[in-house]
Structures are given as structure tokens and as C-alpha cells.
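Report on the following structure.
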Amino acid sequence: MCFWTKPSVSWVSLFLLLSLDPSTETEKPSTQDSSSTWSPGQLTEVLRVLSADDPRPLNHSRSLIRTLLEKTGCPRRTDGRQGDCNLCFEPDALLLIAGGDFEDQLKEEVIQRVSLLLLYYIIHQEEICSSKLNMSNKEYTFYLHSLLSLRQDEDSYFLSQNETEDILAFTRQYFDTSRNQCMETKVLQKKSGILSSDGADENTLPQLAATIIALSLQGVCLGQRNLPPPDYFTEYIFSALNSTNTLHLSELDKLLNTLWTKSTCIRKDKIHQLRRKQNSLTLHDGDYSNLSVSMDPESEDGPISWDQTCFSAGQLVNIFLQNKLSPISKEDFKQMSPGIIQQLLSCSCQLPQNQQAKIAPTTLEKYGYSTVAVTLLTLGSMLGTTLILFHSCEENYRLILQLFVGLAVGTLSGDALLHLIPQILGLHMQETSEFGHFYENKGHIWKLLGLIGGIHGFFLIEKCFTLLVSPGAKKGPEDAQAAEIPIPSVNTPNRKCKTISLLAIMILVGDSLHNFADGLVIGAAFSSSSEAGVTTTIAILCHEIPHEMGDFAVLLSSGLPVKIAILMNFISALTAFIGLYIGLSVSTDPCIQNWILTVTAGMFLYLSLVEMLPEMTHVQTQRPWLMFLLQNFGLTLGWLSLFLLAIYEQNIKI
């Protein structure tokens, strides 16, 4: 492929600009032809067409620029009619800024500069024509550097491919170019003699501008057409209903029923549903609108299909209102209505049933579900206190306690690792597959499950070493008090009354603060989502049963009667409701929710891995292998429960 030389680009571009006229539209080159190499030999044919349609002398710089500005400033529209042309920029000013002369023939450098100024004019036509921006009081270098720095986050010395796409998006709208397959940006750059991967610089940008203007006036589509024309939506609606240009009353009734019930979707073909494109129109310094657009994934060589594309609000505004930045008026909304109806009919933005976006719980749901959860938590803690009454043997009590300790370690650490930490880090966010399907990435759950497997593996090694090598070894200093405190008789000596009362007060105060924190955590969890509330409640409940069993044993050993101990334990459990409603009130902000859940994850890991797991390792019993089996059963049950909740929590319906 041979590339244009600098002189041929400028002159051919200019005469192609001037040669386009309404009467010669049938002579537009096809998209394929426009992508082929151009040669200066075409100049004769261009001059012949030009002289037949424009009687004005073209050897005068001012007349050439005026003709060029009229054809660029007043492009043909889709209806094929040229309206009144009110130029917002004087040809003389354009020529002076480009460094041209009124009498001499235009030089190739002036032609390229004029093309660059026209690109700036196209991008900022609304501001220029509303007198918000005056092009006459700036020098040429200002417009050159303005285009080079179109995107503030990219290199200001080069026009990147993204910036080139932004410019081409404007030109496609402005000139309403061909809807056929477009010339790729890279091909356009090569045709303009731009070989650097960085893009055009200040020396080659004017040459690229001349090529863009020339091809656009010929009707050649440049870049990638990422949005359909406005007429597409109306055509889709009529085609979906009866494939004609008119609607009968019965078909209009069918349309209304579809929109009312949302029970069926009118699809023209079976295509993968696309995720809603979050493409907003971002304004950078200098009032440049950078178009971020998306396209239905079709074959590169095939025609573009928009039938199942989900357009964002910004894209619909871009299609119907030409990137309008002001508020949408009633007339604007009338124009956009076909697009909105088409999106509803095609169900393009509808997710699969099992992947619907989670809606934040309502105030009634948060307070209702969380109150039920704390009530169950309170009853569960009381269950822990009643278990001890049915076991007069200390050995049986210790075995039951270790079963629940293992369950608590599994649920607490499992909730922290499999649910809370991923939620804090945003790993629960939905992603989109290659074909546009929604799914929640579960890869992190398997990695975290491997982490839990490592914890369990080393626990087994240490426990087996303790059982096989030193079965009669003394207990370690980490042994928990709850596991070793014998169940005393109810008749405790009165001489220890003062010490017993102090110990009971310490236990009750600590238990009240602990339950308050549990209520706070449950409130934050249910404020986040119902699923988070369920998993957190299960973890806390499994922890509360052995915890309350231990506290109750300490209260009995301190000399309190059984009935008083149960009553005091119940009163301390009620502080969870205080923490709950405080948590619900302060965790309305998602940021506060995340911080509460962050501290909760740390607390769960500390309780399970620092406080309770060492107890399971060093506790002594007369039946060590039975305790070993019960501990592992509790651990496995806790981790398995939280793992299944992490996998299937999206399917939980409350």
C-alpha cells in the first residue's frame, strides 16, 4: 500500500471538499473506494465536476474558503434537504487565522490549517454560534494545541486513537455520513501518513484534519459507528409490531399491553442480552465532550445490529439530541420517546431472573428482619444456658461445649473470610462475561476456601501431634476458662459473697457490651443487604451458644442461684436490641456500613482464631478422640454452612 504524499493530501482534500454538491450525491464513492489509496490523477475528474456545478471562479483564495466553509458549516442532513445556511464564522477570519492571503492561491499548508480550524468549529459549533466562544481572537496555535489536548488524561503532544475516535464521533453526527461499514481509525491514520503508534503530532494533525473533512463531505463513514441513527428506534417498533409503515388499533393495543404487563418481550432475533453501558458524556477542561460509546458485538465484517443493545441515558441523549448538555425539555422528550419504547419492547436492559440487581432493603424490611434476627439470637443464647441444666456430668458438658466451640470457630471465621471481607473489598460486584451475560465472579471464594483449608490442616496437624505424642501433657496457658470451670452446686459458701458478686458483675457487664456489639453488627449487616444480615446472624448465633454456656457456668460458680443467673443472662442479652437500633440508624450511609463490617470482620477473626481455636487445641478430656471428632464436626459444619451461603446467597429470597 502506498501512502499519500504531503502535497497530494492537501490539494486532493481541498478539491474533494469543494466538489461535493447536492446534485452530485449519486457520484459519492462507496466506503470501500474511500479506503483505497488516492492518487493525484483524480484531480482532473474533481475539477471537471466542480466546474460543472459551481460557476464561481475558484482561483481566488477568498472564494475558495467561502465555498469550503459553506459546505462544511451547512452539511446535508438525513432528509436530503439543505436548509438556510447561517454561517457563524467569517471566511476572511478563517483565512487570516490559517495564515492565508486574500489574493494569492492557497498553499497546501494553509489548506491543512483551514481543515484543522473546521474540525474545531464542528466540535464547538454550539458555543461559537451562541457567541459564547469567539474564534477570531485566538491564534492558530491555540486551536492546534486544543485539539491535541482533547482528553486531559492523555499526552498533550499527540492526538491519540481515543481522541481521534472522539473527533470522528462528532463528524459522523455532524455530516450524517454513510451507515455502511466505516473506515477504521488506524486505516485513516495510515492514509494520512501517520505511522507513529502515538498518533498525530502538531506536524501531522493538520494533514489528518484535511483528510477527515474531505472524506466526511464525501459521505464516507469514519471510525466506528457506535450509535444508531434516531430513525432506527421508530423502525424497530413498527417492524416488531407488523413490519409495515402503519399501525392498526389492535397493534397499538398490543403495544400498550406489552408495556403495561412487561410479561413478554418482542424480539426480532435471539441475541445475547447486553449489560447496560455506563457511558456518560464527560466534560473536560475547555468544554470538550468526550464521547464514550459502546456497540453491540457483531462480527467485524458483518452489519451492525442494535436490536438487543442496552443504551444508557447519555447515549439516548447523544442519539436524539446531538449531545445536548442542557436539561431535557418536553419537546426533547418527545423526540426520545421512540428510543425509550424500543428499549422496553426489546428487553435489552433486562437481566436474567436469577441475576437481577439487588435492591437495597426498605426501612420496614431492615427493622423487621433485624428485630426477628436479634430475637432469635436472644432465644438461642438462652438455649445455651439451658443445655447445662440437663447435664450433671462435667465431662458431658465439656464435650457439648467443644462441639459448639468448633461450630463457632467455623461460622465466625467463615463469615469473616467468605462474606464480610469480599463485601468490604467490593468482590461481590457483578461482572459481565464476554457475551454480555451477568454473573458474579466466584473465583475469590475458592481461593479463600483454600485459605480456610490451610487453617484446618494445621489445626489437624497440631491436634494429632498433641493426641499421639503427648496425650498426658498439661494444658496450655491458652485454655479457656469456660471449658475448665466445673459446674458447682447451687449451694455456694456464703463466705465468698463479696468476691462472687464482683465476678458476677464483671461477667454481666462484659456480656452486655458483647451483646450490644452483636446488635450493632446485625443492624449494619441488614442495612447492607438481607443476605448479609442472614449470614452474620448465623455466625453470631453459633458463637453465642458456647459463649453463653461459658458465661452461665461462671455465674453459677460465682454463687448466683440458677434462676437469678438465667434472669441476669437474659437481661444482658437484651442490650443487643439497643445496639441493633443504633446500628440501623447510623449505618444508612454505605461508607459507615463498610467500616462497621470491617471492624466486625476483625473481631470475628480474633474471636475465632485467637481466643477459641487455641482452646480447642489444648483442652483436656477423658475421651480425647471423641472430642477431636466433635470439634472437627463443628468446624466442618460451620465452614460448610458459610461456604454454601457464599455460593448461593444471590438466590436467597426473603
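Yeah, the Cβs are placed from backbone N, Cα and C, and that goes for glycine too.
Summarising the annotation, Swiss-Prot assigns topological domain 'Extracellular' to 1-202 (among others) and lists sequence analysis as the type of evidence.
If you look up Swiss-Prot, you'll see Asn59 (among others) marked as N-linked glycosylation site.
Per Swiss-Prot, N-linked glycosylation site is recorded for Asn162 (among others). Counting every protein chain shown, 15 other Cβ atoms lie within 10 Å of the Cβ of Asn162 (N-linked glycosylation site).
Taken from Swiss-Prot, the feature transmembrane segment covers 203-223 (among others).
Per-residue confidence over the topological domain 'Cytoplasmic' (224-369) averages 63 (mean pLDDT, predicted model). Annotation comment: Swiss-Prot describes 224-369 (among others) as topological domain 'Cytoplasmic', evidence class sequence analysis.
Annotated transmembrane segment per Swiss-Prot: 370-390 (among others), in sequence order, evidence recorded as sequence analysis.
For 391-398 (among others), the entry in Swiss-Prot reads topological domain 'Extracellular', with the evidence type sequence analysis.
Taken from Swiss-Prot, the feature transmembrane segment covers 399-419 (among others), and the record attributes it to sequence analysis.
What Swiss-Prot records for 420-448 (among others) is topological domain 'Cytoplasmic', and it gives sequence analysis as the kind of evidence.
For 449-469 (among others), the entry in Swiss-Prot reads transmembrane segment, with the evidence type sequence analysis.
According to Swiss-Prot, the topological domain 'Extracellular' annotation covers 470-501 (among others).
The transmembrane segment annotation in Swiss-Prot covers 502-522 (among others) and is backed by sequence analysis.
According to Swiss-Prot, the topological domain 'Cytoplasmic' annotation covers 523-563 (among others).
The motif 'XEXPHE-motif' annotation in Swiss-Prot covers 543-548.
Per Swiss-Prot, the feature transmembrane segment maps to 564-584 (among others); the stated evidence is sequence analysis. Beyond its flanks by at least six residues, the transmembrane segment (564-584) meets 366-367, 370-371, 374, 377-378, 381-382, 385, 504, 508, 511-513, 515-524, 526-527, 548, 551-552, 555-556, 596 of its own chain at Cβ-Cβ distances under 8 Å.
Broken down by DSSP into helix, strand and coil, the topological domain 'Extracellular' (585-594) contains 7 helix, 0 strand, 3 coil. Residues or ranges marked as topological domain 'Extracellular' in Swiss-Prot (evidence: sequence analysis): 585-594 (among others).
Take the transmembrane segment (502-522) and the stretches 449-469, 595-615, 627-647: counting Cβ pairs under 8 Å, 595-615 has the most. Residues 423-424, 523-524, 527-528 of the same chain lie 6+ residues outside the topological domain 'Extracellular' (585-594) yet bring a C-beta within less than 8 angstroms of a C-beta in it.
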